[in-house]
Amino acid sequence: MISLITYFGVVHYNFYRRHVSLRSLYIILISMWTFSLAIAIPLGLYEAASNSQGPIKCDLSYCGKVVEWITFSIACISLAITASLTGFAVISLHWYNYKSKTNGVDVPKVTTRARIRLTWTFFALIVICLIELLPFGLVIGNDKSSLQGCDSFYNANELLVQSIISSVETLVGSLVFLTDPLINIFFDKNISKMVKLQLTLGKWFIALYRFLFQMTNIFENCSTHYSFEKNLQKCVNASNPCQLLQKMNTAHSLMIWMGFYIPSAMCFLAVLVDTYCLLVTISILKSLKKQSRKQYIFVVVRLSAAILIALCIIIIQSTYFIDIPFRDTFAFFAVLFIIYDFSILSLLGSFTGVAMMTYFGVMRPLVYRDKFTLKTIYIIAFAIVLFSVCVAIPFGLFQAADEIDGPIKCDSESCELIVKWLLFCIACLILMGCTGTLLFVTVSLHWHSYKSKKMGNVSSSAFNHGKSRLTWTTTILVILCCVELIPTGLLAAFGKSESISDDCYDFYNANSLIFPAIVSSLETFLGSITFLLDPIINFSFDKRISKVFSSQMKFLRSKVFCASSSSLSRNDKIIKDQSQIE
């Protein structure tokens with residue numbers, strides 16, 4: 001229609017002005033849509049029936065081929081008629097332009113634009129004919145369009161050509177349909193004017209927006225921009241916002257790498273190692289006699305607590321950097337902190353229990369044999385768990401109240417300060433008590449070993465393993481005291497928070513955020529390293545667990561080597577058979 005209207009409007013202007021009215025164009029347009037729907041509806045239904053089952057039955061062997069050929073024939077006729085009419089109009093316009101130039105008549109710019117636009121339309125139509133008719137005709141001509149299921153697999157060698165044809169058809173068609181409106185709009189005078197007007201208005205709107213909001217965009221002149229700066233646009237009282245933004249980004253980077261990514265990976269590995277050691281310990285515990293089970297009761301408590309601590313560290317650090325569910329609820333933080341405090345206290349109790357068991361087993365063997373029965377050990381372990389629950393619940397509730405608003409209100413600075421120092425003092429007492437007990441037992445064992453060597457007595461391997469394991473446990477506890485008490489005490493003394501928020505207070509004090517970020521990140525980083533190394537080093541000194549681990553490694557090694565050797569022998573046999581055949 002565009003080609004015919006352009007033809008009559010340029011070559012036969014009087015006919016176009018008298019007979020081609022707006023009403024007649026609407027009638028022709030409605031007729032085209034009606035004719036297209038009348039053909040498209042039945043063809044579309046039969047094409048759908050040939051591709052999937054439905055109310056209309058059309059098998060692929062006969063009906064599908066008939067539908068394909070009918071569709072192909074109608075497409076050929078329609079495209080041929082359209083291409084012929086458009087080609088006739090293009091040739092006529094070019095001939096009209098040539099005659100006008102020969103006669104010395106100036107051709108209007110509107111006519112030149114229409115001729116160029118119609119030439120592009122004709123070129124696009126030729127391309128569409130090629131990409132629609134040739135590939136489709138080749139596919140149905142070779143009878144490969146209905147290959148499905150096993151037929152596609154059996155004729156896989158012939159599917160490559162079909163795939164290339166279909167892909168090229170889609171790619172070239174998409175390029176044509178993308179380029180067509182752009183070139184057509186470019187040669188249309190009215191649409192080009194409207195596009196230029198809209199671009200000009202857009203530039204004015206952008207300039208007006210920058211003018212109105214340049215006072216609030218405090219980071220506009222900064223050389224480096226960060227994702228979190230949009231939350232700090234309201235902090236307009238900063239004297240040097242770019243420098244504060246860089247300081248805050250440094251603190252964020254420290255917290256997210258040394259306080260989240262690396263510790264989370266180490267804690268995840270620690271969970272895997274602790275779980276493996278826990279399963280091995282439980283299997284060993286079931287096979288031991290009552291007298292030998294006593295030393296592994298606290299080991300089970302220790303491993304269970306270490307698993308919970310590592311998981312809590314991952315979740316707690318995730319709340320500061322990831323939008324996890326329930327992170328804005330008091331109950332979530334309360335449960336999380338209660339489990340974390342319970343696990344820490346249970347771990348400290350298991351440390352103390354192992355130390356006392358080792359001390360009485362070496363220094364007071366009769367007391368250990370007669371007084372410390374298996375029932376007594378279970379009672380002590382239950383008492384440790386009960387004490388941990390009783391202390392962890394108020395601890396966790398007040399820690400959650402300090403983190404987020406909830407049923408327990410602690411909004412004033414005096415309340416927060418009192419709660420922080422109270423929790424810090426109680427944690428100091430518990431940690432120092434456990435550390436003192438372990439130091440006493442460790443020093444006693446080393447003194448006993450020194451006296452035995454001086455008297456010429458040879459210490460047993462079990463005693464040496466126990467002494468080494470207890471020395472490592474004491475070292476772990478000292479490190480825990482350092483990473484738990486020193487950073488918390490320093491931050492509480494200087495009135496700093498362990499987390500960094502995107503509010504204006506932290507932004508205005510960004511120069512002093514580096515210190516709490518380093519302290520908090522080191523606390524989490526060293527703690528994660530400790531919880532990863534603890535089970536590995538501890539159970540390398542345990543004879544029974546080391547034996548189980550060694551036997552499992554030997555079993556896996558034998559299985560792997562047997563499988564590889566059998567596969568190699570099988571390959572050698574195949575090669576020999578092939579050589580004999582040749």
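Yeah, the Cβs are placed from backbone N, Cα and C, and that goes for glycine too.
Per Swiss-Prot, N-linked glycosylation site is recorded for Asn190, Asn221, Asn237, Asn457, Asn538, and the stated evidence type is sequence analysis. According to Swiss-Prot, the transmembrane segment annotation covers 25-45, 70-90, 120-140, 159-179, 199-218, 253-273, 296-316, 329-349, 377-397, 421-441, 475-495, 513-533, on the basis of sequence analysis.
Asn221 (N-linked glycosylation site): 9 other CB atoms within 10 A of its CB, across all protein chains. Asn538 (N-linked glycosylation site) is 26 Å away from Asn457 (N-linked glycosylation site) when you measure Cα to Cα. Spacing of Asn190 (N-linked glycosylation site) relative to Asn221 (N-linked glycosylation site) is 40 Å (Cα to Cα, whole number). Counting neighbouring Cβ atoms within 10 Å of each of the glycosylation sites (Asn237, Asn538), the lowest count belongs to Asn237.
Residues 306-307, 310-311, 313-314, 317-318, 320-321, 499-500, 514, 517-518, 520-522, 524-525, 527-529, 531-532, 534-536 of the same chain lie 6 or more positions beyond the ends of the transmembrane segment (253-273) yet place their CB under 8 Å from a CB of it.
For the pair formed by Asn221 (N-linked glycosylation site) and Asn237 (N-linked glycosylation site), distance between Cα atoms is given as 16 Å, rounded to the nearest Å. Within 10 Å of the Cβ of Asn457 (N-linked glycosylation site) there are 10 other Cβ atoms, across all protein chains.
For the recorded site, Asn190 (N-linked glycosylation site), the DSSP three-state label reads helix. Asn237 (N-linked glycosylation site) sits 54 Å from Asn538 (N-linked glycosylation site), counting Cα to Cα. Classification of Asn538 (N-linked glycosylation site) by DSSP places it within a helix.
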